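Here's the structure we're looking at; comments come further down.
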Amino acid sequence: MELLLAIFLAVLTGIVAIAFYYEHPKAEIPHGISERQKLYIFHYIMNFGFGLATFLDKVGVISEVHLLRVMMETIPPLKDSRLLIKDLRFERVKVRIYQLKTSNKNLRRGILYFHGGVGRFGSIRAYERKCRYFCRKTNSVVVSVGYRLAPEHPYPAQFEDCLTATIHFLRTAQDHGVDPSRVVICGDSSGGTLTAAVAQALVNRRDLPKLRAQILIYPFLQCVDLNLPSYQQNKGVPILLKERTLVLGLKYINMDLGITEEIFKGCHVSEDRRLKYQKWVSPDYIPHEFKTRGYKPSPTCLPSKEFCEMAEYLFDPVFAPLLAEDSVIAQLPETFILTCEFDVLRDDGLLYKKRLEDHGIKVTWCHLQEGFHGTVFVALFGRVLGFRSGAKGLQKIVNFLRLM
């Protein structure tokens with residue numbers, strides 16, 4: 001029996017490995033990334049996970065999305081006697097609150113954290129280490145928001161939950177020992193998208209305290225141009241490959257994957273939209289030093305009426321906050337933006353930084369020269385799995401928070 005099981009597992013592993021060899025491009029890990037071998041291993045473990053999830057979904061064992069969620073949970077950290085942790089609901093939204101047990105009677109800073117995962121993965125538990133870290137290092141009350149996930153809860157339920165949780169916390173901050181004028185919202189990857197969208201949604205709310213700041217960690221911010229320098233230079237760099245970025249994004253908002261190639265070419269952008277967005281989304285606004293690594297301007301694709309109509313969701317500022325109107329951008333709070341050199345989303349952050357600064361918003365920018373997408377998420381998994389660039393990014397965020 002043991003021999004048969006071993007043979008079955010070997011065959012299953014082979015099937016998954018072969019499927020991923022042919023379906024996914026080989027990783028391109030530039031020499032500028034430190035700890036390159038570790039990233040290779042991390043990339044192939046992830047690819048095996050994606051392949052296994054796809055295989056088990058096709059044979060009816062477990063759905064792809066559910067298996068990937070389980071894999072993201074990882075091993076939870078041990079109990080921390082220094083922290084008081086409690087699970088609550090802010091109206092309908094699940095949250096977990098972290099605070100130090102020290103008997104400090106002064107009101108503290110509050111941090112709302114929106115996890116990444118492209119609206120389909122991620123959870124409070126998956127981000128337990130990061131939220132504990134921010135709580136300990138900054139003596140803040142940290143609220144991890146367990147927003148509902150797609151596809152069970154279609155877009156924009158994720159944004160609605162994050163907005164609901166933020167409004168509730170701003171109204172009840174003092175009940176949790178928080179100064180309502182010192183509330184910061186923060187998120188990584190698609191959580192950074194949600195952070196930017198929530199901050200924009202609150203700019204005209206006169207009935208609520210103003211946000212103190214927003215922290216965007218390698219956020220996705222636009223789908224107008226997927227041929228910006230960072231998309232070209234890092235298309236095969238783990239863990240967020242160029243093709244994977246768009247496929248996961250389209251699955252999140254339940255769009256037809258058949259228009260992927262047209263979106264890459266830019267055929268989904270009408271002439272009217274192209275004229276409007278070119279003042280915000282253009283390689284012309286990317287500093288020259290970020291174009292030296294193999295960038296070539298892309299030809300303009302003639303728009304297709306059919307694809308333009310199908311892609312309507314892609315221009316919603318909730319999905320693409322870089323496309324918000326100037327009147328909204330001009331009212332945003334102080335901002336921290338973290339970008340990574342070897343990340344397809346790098347230029348989204350650079351363009352948003354420019355827009356904010358053009359409107360007089362104070363921006364603190366942290367660029368990880370050796371970083372890649374996800375480097376901050378894995379930074380707290382110890383020396384074996386963590387990356388030095390991620391640890392550097394975390395420290396920069398902590399330094400920013402301590403000033404709030």
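Heads up, the Cβ atoms here are built off N, Cα and C, so glycines get one too.
All TrEMBL annotations are machine predictions without curation.
Feature annotations, reproduced from TrEMBL:
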type	residues	note
SIGNAL	1-17	signal peptide
DOMAIN	111-248	domain 'Alpha/beta hydrolase fold-3'
ACT_SITE	SER189	active site
DOMAIN	313-375	domain 'Alpha/beta hydrolase fold-3'
ACT_SITE	ASP343	active site
ACT_SITE	HIS373	active site
Whole-number mean of pLDDT values that fall within the domain 'Alpha/beta hydrolase fold-3' (313-375): 97
Cβ neighbours of HIS373 (active site) where a neighbour is any other Cβ within 10 Å: 26
Secondary structure tally of the domain 'Alpha/beta hydrolase fold-3' (313-375) (DSSP, helix then strand then coil): 23 helix, 19 strand, 21 coil
